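Q: Here it is, the structure, as structure tokens.
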């Protein structure tokens, strides 16, 4: 063991166990629902083991590992210093219930030089290990139940001479951040998993997607995630339209869509890819598809260059009339007349429709010479209708009342009736 490094067993004890060494002796097995990880480990019922980035370079006491971690089903040992396949063999042998193993970003020997036991793992994470195809093939041969393989942050050699399938059980492959520039490099990896269903190639500088013969040999491939790639042309999506088995597509955050609105992104992708059933995690209903296909036709009607799918959709829906654009945003100004017979006011002005009715009355105050507190306001519309403003309308903005050019405001001054105080009666005066 190198100076400064630790063993897996020692790290496990330090993180999950007390200092009492007797704790690893035989303990009566009981139910452990709700126990802390420390207690779970001490009672040999720990199921989740997280020892990533702890400078582990070897296993340590394998018997102790078997005792403490016999019920572990998920182990995260990523970002350590494990390099020997004998240590991987020890993990697989002594963790019989292991289902998920992360040994990513460990400096594993590129050649397997130790016999590995058959394991029941169903997910293996090998991110950043840079293992050649031959080594992957040998490793996965002892993992007959693996269905999910993580190989992100790896560099792959297009000239690798291993042409045989790496695994026939893997259904999901993660190839994120692998530096892929060409689609052929992606297919060079994916083709080695003939029963693959889902492929992730996120955050690669990939600029295009190209249909090729290898795709036809992958009949179960139905999910593709291209998030944060560098795809910048519709040609790639036209190529995807030829990959008819892919019905679930994720393409958020790609340059191609940057200049489009959310509505345009949705409709132009669905309209282009007739076989899609799910886009960016949302199911596509039959109503959504028809709406998108009609949008697609209208979008390209006036453009000289029309995509391949355009004719197919014209045959399906026919030539569509262009939709009339109706601006429903509120007007900001109107040209109106201000009328006040008492003050002989009759003038045409341009008013803002943003202020409230009360604020507008305050604006009219000096113009018509009627105090806003004594003002009665009417709206005379050009079509002959008349609206009067009550106190309940005072806090509403003017645009709420659909004021149009040519309408008039009539201002009247409220008549304030004052009552005179009755003079004191002579009787009351004399009695006092």
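Just so it is clear, glycine is given a Cβ too, placed from its N, Cα and C backbone atoms.
Taken from Swiss-Prot, the feature repeat 'LRR 1' applies to 69-94. Among the features that Swiss-Prot reports, repeat 'LRR 2' is placed at 95-117, with the record citing an author's statement. Positions annotated as repeat 'LRR 3' by Swiss-Prot: 118-140. The repeat 'LRR 4' feature in Swiss-Prot is assigned to 143-167; the stated evidence is an author's statement. According to Swiss-Prot, the repeat 'LRR 5' annotation covers 168-191. What Swiss-Prot records for 193-217 is repeat 'LRR 6'. Taken from Swiss-Prot, the feature repeat 'LRR 7' covers 218-242. Feature annotation from Swiss-Prot assigns region 'LRRCT' to 254-295; the stated evidence is an author's statement. Annotation comment: Swiss-Prot describes 324-415 as region 'Ubiquitin-like (UBL)'.
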Q: Please work out which recorded stretch in 143-167, 168-191, 193-217 has the most C-beta pairs separated by under 8 angstroms from the repeat 'LRR 2' (95-117)?
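A: If we count Cβ pairs closer than 8 Å to the repeat 'LRR 2' (95-117), 143-167 scores highest.
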Q: What same-chain residues lie close to the repeat 'LRR 6' (193-217): Cβ under 8 Å, and 6 or more beyond its ends?
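A: Same-chain residues near the repeat 'LRR 6' (193-217) but 6 or more away: 149, 152, 165-184, 186-187, 223-233, 235-237, 239-240, 242-243.
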Q: Count up the helix, strand and coil residues in the region 'LRRCT' (254-295) according to DSSP, in that order.
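A: Summed over the region 'LRRCT' (254-295), the classes give 24 helix, 4 strand, 14 coil.
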Q: Same chain, outside the repeat 'LRR 4' (143-167) by at least 6, Cβ under 8 Å from its Cβ: which residues?
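A: Residues 102, 104-105, 118-134, 136-137, 173-179, 184-185, 188-189, 192-194, 200 contact the repeat 'LRR 4' (143-167) from elsewhere in the chain.
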Q: Please spell out the DSSP helix, strand and coil residue counts for the repeat 'LRR 4' (143-167).
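A: With helix first, then strand, then coil, the repeat 'LRR 4' (143-167) has 0 helix, 3 strand, 22 coil.
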Q: By DSSP, what is the split of the repeat 'LRR 7' (218-242) into helix, strand and coil residues?
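A: Residue counts in helix, strand and coil order: 7 helix, 3 strand, 15 coil.
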Q: Taking DSSP states H, G and I as helix and E and B as strand, how many residues of the repeat 'LRR 3' (118-140) are helix, strand and coil?
A: 8 helix, 3 strand, 12 coil
Q: Over the repeat 'LRR 2' (95-117), what is the model's mean pLDDT?
A: 97
Q: Based on DSSP, tally up the residues of the repeat 'LRR 6' (193-217) by helix, strand and coil.
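A: DSSP classes over the repeat 'LRR 6' (193-217) add up to 5 helix, 3 strand, 17 coil.
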Q: From the DSSP assignment alone, can you count helix, strand and coil residues within the region 'Ubiquitin-like (UBL)' (324-415)?
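A: DSSP composition of the region 'Ubiquitin-like (UBL)' (324-415): 22 helix, 33 strand, 37 coil.
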